[in-house]
Amino acid sequence: MQSSTPFEGPEKLLEIWFAPSADRLPLIDEAKYGSGDGDGDGDVDGQRKGLRRIDRAVWEEMLDIVKCKVLSVIVGEELDAYLLSESSLFVSPHKIILKTCGTTLNLLGLPRILDIASRHCGFRKVWRCFYSRKSFMFPERQLGPHREWGEEVRYLDAFFRNGSAYTVGKVNGDHWLLYLTSPPNSIYGSRLRMYTPSPTPSLEDSPTLPDLEQDYTIEILMSHMSTPARLPFFYHQKEAAEGRGHSYARKLSTELGIDTLFPVDRTTLDAFAFDPCGYSANALIDWGGGEGYYTIHVTPEAGWSYASFECNVPLPSRDSSALGVRGLDPDLPDLQTLVRNVVNIFDPGRLSITLFVSTSAKSDVAIETAQQAFRQALAPRGYYRNEKINYEFGGYDLAFASFQMMGTKGRNMADKD
């Protein structure tokens with residue numbers, strides 16, 4: 001009861017910032033671009049600002065290039081979460097996050113995103129660009145610039161000057177790939193290159209500012225799911241009467257505990273169950289210091305099972321506030337609890353965790369504290385850590401760790417449903 005054609009679960013993640021924060025948007029010609037739509041959706045002052053003013057139809061045209069479709073949208077207070085046929089799109093006033101899986105052409109959306117930001121918002125400069133992904137399971141199936149990492153880097157280098165590319169982890173095993181730029185005219189020297197936007201008035205350039213927004217992203221990338229963990233994501237004939245898509249996904253989210261990863265009264269969840277198998281979810285979370293998100297995507301088929309969890313809500317460790325998190329609501333889970341609960345749901349044989357945080361005075365302590373939290377969450381469940389890497393980038397620090405379940409070498413590769 002699965003396709004004979006392998007599906008590439010690991011996602012390509014493109015994140016483009018046009019300002020250091022939603023409060024530091026570039027100055028624009030308000031006579032041409034206006035100050036918002038004033039419809040009361042989203043922003044607390046009744047005006048949807050920056051990229052959030054752009055109509056859904058415009059983003060859908062961009063997504064046609066990438067080869068995916070919008071299934072549904074959550075309109076939040078600070079950002080909009082689009083659930084896609086191939087993962088997710090998040091739109092904030094100052095940045096856009098595009099996460100796509102399968103053989104989608106994620107990077108081919110970049111020129112159109114830059115053009116949209118210029119035409120509709122007057123944004124002519126990119127503050128920072130990030131592109132990352134886990135190593136592919138089936139690289140030979142990829143298309144366009146995604147056929148290999150070097151090709152992706154050359155594609156991005158055509159747009160950005162002095163971008164930096166990294167491979168984190170084993171080149172001949174599971175690893176994580178990252179490309180990032182630095183703010184224009186910063187000490188890191190990364191600048192936009194070969195980007196010719198649509199004609200705009202002569203505007204004052206935004207001043208170079210430090211990265212003011214607290215930026216925190218954790219990804220848990222899981223493979224070799226156990227059979228009991230995979231089976232709920234296959235939909236049998238008996239479920240047809242209940243309706244697949246959003247309705248069955250809501251039921252499944254409750255049964256598996258996905259809807260309680262964060263407090264229910266602080267979370268808006270949008271989930272979808274694919275026919276005949278697969279699951280995706282976006283959630284917006286009021287974490288006490290703003291609005292954050294998490295997103296989940298599941299490919300449950302034997303031989304290439306995969307589940308991902310990504311979240312930008314800053315969480316402390318259980319025993320320490322050394323992660324430098326500010327304004328966290330005490331009702332939210334700590335880092336160990338979140339990692340443990342996610343892994344309990346998907347029961348992977350192998351997983352990697354990345355925590356990517358903006359640099360602070362406590363960064364060294366924060367990263368090592370996160371590594372300890374990962375191990376404390378997973379060791380009691382029978383996982384051993386086979387890699388631990390801490391990395392310092394321009395303005396960011398990374399904790400990377402990979403784990404494997406003891407006694408599960410090759411697990412799930414021969415399972416049949």
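Even glycines carry a Cβ here, placed using N, Cα and C.
Just so you know, TrEMBL annotations are computer predictions that nobody has curated.
Features as listed in TrEMBL:
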ACT_SITE  Ser87  active site, schiff-base intermediate with substrate
ACT_SITE  Cys101  active site, proton donor
ACT_SITE  Ser280  active site, proton acceptor
ACT_SITE  His297  active site, proton acceptor
BINDING   Phe7, Glu86, Phe274, Glu301  substrate binding site
MOD_RES   Ser87  pyruvic acid (Ser)
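Structure coloured by features recorded in TrEMBL.
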residue : record                                               : CB count, 10 Å
Phe7    : substrate binding site                               : 21
Glu86   : substrate binding site                               : 22
Ser87   : active site, schiff-base intermediate with substrate : 26
Cys101  : active site, proton donor                            : 26
Phe274  : substrate binding site                               : 18
Ser280  : active site, proton acceptor                         : 24
His297  : active site, proton acceptor                         : 25
Glu301  : substrate binding site                               : 26
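One way to see the shell of the substrate site is to take the Cβ centroid of Phe7, Glu86, Phe274, Glu301; the remaining same-chain residues with a Cβ within 8 Å of it are Gly9, Cys101, Gly102, Cys277, Gly278, Thr299. Of all the active-site residues listed here (Ser87, Cys101, Ser280, His297), Ser280 has the Cα closest to the Cα of Phe274 (substrate binding site). Of all the recorded positions given, namely Phe7, Glu86, His297, those whose Cα is no farther than the 10 Å limit from the Cα of Ser280 (active site, proton acceptor) are Glu86, His297. Note on proximity: of the recorded positions Phe7, Glu86, His297, Glu301, the one nearest Cys101 (active site, proton donor) is Glu86, by Cα distance. For the pair formed by Glu301 (substrate binding site) and Ser87 (active site, schiff-base intermediate with substrate), distance between Cα atoms is given as 17 Å, rounded to the nearest Å. With His297 (active site, proton acceptor) as the anchor, the candidate recorded positions are Phe7, Glu86, Ser87, and the one with the nearest CA is Ser87. In this structure the alpha carbons, written CA, of the residue listed as 'active site, schiff-base intermediate with substrate' and Phe7 (substrate binding site) are 13 Å apart. Residues listed for substrate, Phe7, Glu86, Phe274, Glu301, cover a largest CA to CA span of 16 Å.
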